[in-house]
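S.K.: According to TrEMBL, the protein carries these features:
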COMPBIAS  235-248  compositional bias 'Gly residues'
COMPBIAS  252-270  compositional bias 'Basic and acidic residues'
COMPBIAS  292-309  compositional bias 'Basic and acidic residues'
COMPBIAS  311-322  compositional bias 'Polar residues'
COMPBIAS  323-342  compositional bias 'Basic and acidic residues'
DOMAIN    22-112  domain 'HTH La-type RNA-binding'
DOMAIN    123-223  domain 'RRM'
REGION    1-26  region 'Disordered'
REGION    215-362  region 'Disordered'
Amino acid sequence: MLKTTAKIDTNYKNNRKYDPSTQEVTDDPVQIRAQVEFWFNDSNLPGDKFMWTQTGGPENKPVPLKTICNFKRMQRFQPYSAVVAALRDSALLEVSGEEGEEVIKRKVPYVLSTLSPQERQARSVYVKGFGDEHGSSQFEIESFFSQYGKVMHLKLRRTNENLFKGSVFVEFDSEETADAFVKRDPAPTWKGHELLIMKKTAYCDMKAQEIKEGKIEAQNSRKSTFWEGKEKTGTRGGRGGGRGGRGGSDNRNGDRNGDRNGDRNGDKKNGFKGGRGGRGGRGRGGRGGRGGNRDNRGRDEKREEKKPSANDGQMPTIQATNDKGEVVKSAETNGKRARENDDSAAPPAKKVDTKTETAAAQ
């Protein structure tokens, strides 16, 4: 099995090697339809913020075809007339408008929550062993899976630093197709190397068990998740979580241990006071708050010295997170609603097995 050997670049944008310019220019109608239909299909549209905004989701608003052709992945399809001709034969999409000003929309509008997260997971697989990423990896992996059935969505899994993990989640058009892929004998290989293949449900269950046994730590994604017009943020915003949260810091680099442990060690020395999020810090009682510096200059001198508290010298209770990475609500929130967390791209109105979804982020 191929393993990843790439090192993390401190400029995280450089860790993503995807480069559509590696593909040759073509007017292949099959490839054109497959690409554009993907952006409008039920698996991509609800989680694609740009496409959702353009189409309005169930509103099914027409999108200028030139807007679609401006996507980097579309620039290899030339000429423009070939794109128009290919899409007129699409079973999913409808092209209209004057020549040169064509617009495109779905023939059948999107229906909210067509598939539950459980149904999508049941027709998805986890595959590992693709090695390091290069400019054309996305295209090569897509082509690899297309020979085993219709692919609705394919995601290269990445670390918080955008480095490819060497594994993917692939959603097929049906649970039967996914099962057939997993049970293939002999099993599919990648460039002569073995692959680790399992259903996504089995992978999530495995990771959930490892977390339960303490073999691995649950990871909280800091990325935003968009689904059907609603957006959830990651750990940022919650108390002690991240940017904008009480006691948090803007840890964009995804270093979950370094800064967090450093802050806690410093807090212990200070009795959990005077730091970020503590009294006199940037969170509660920070800038402009009780004990803060901004707008309070000179006031401290006028204040009477506080009487010793029975709590002085004692370790206060620290609000923790549960195994989903969510902040546990307590009385310390003073009734304020914390910002929502991330990471499952699923309809918020449906009940989701969040334990397995958290495990999938490993």
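Every residue gets a Cβ built from N, Cα and C, even glycine.
Keep in mind that TrEMBL annotations are predicted by a computer and have not been checked by a curator.
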S.K.: State the non-local partners of the region 'Disordered' (1-26) in its own chain: residues 6+ outside its ends, Cβ under 8 Å from one of its Cβ atoms.
M.R.: 72-73, 75-78, 128-139, 158-159, 161-166, 190-191, 193-196, 253
S.K.: Restricting attention to the domain 'HTH La-type RNA-binding' (22-112), give the mean pLDDT.
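M.R.: Looking only at the domain 'HTH La-type RNA-binding' (22-112), pLDDT averages out to 97.
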S.K.: Could you count the residues of the region 'Disordered' (1-26) that DSSP puts in helix, in strand and in coil?
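M.R.: Per-class counts: 7 helix, 2 strand, 17 coil.
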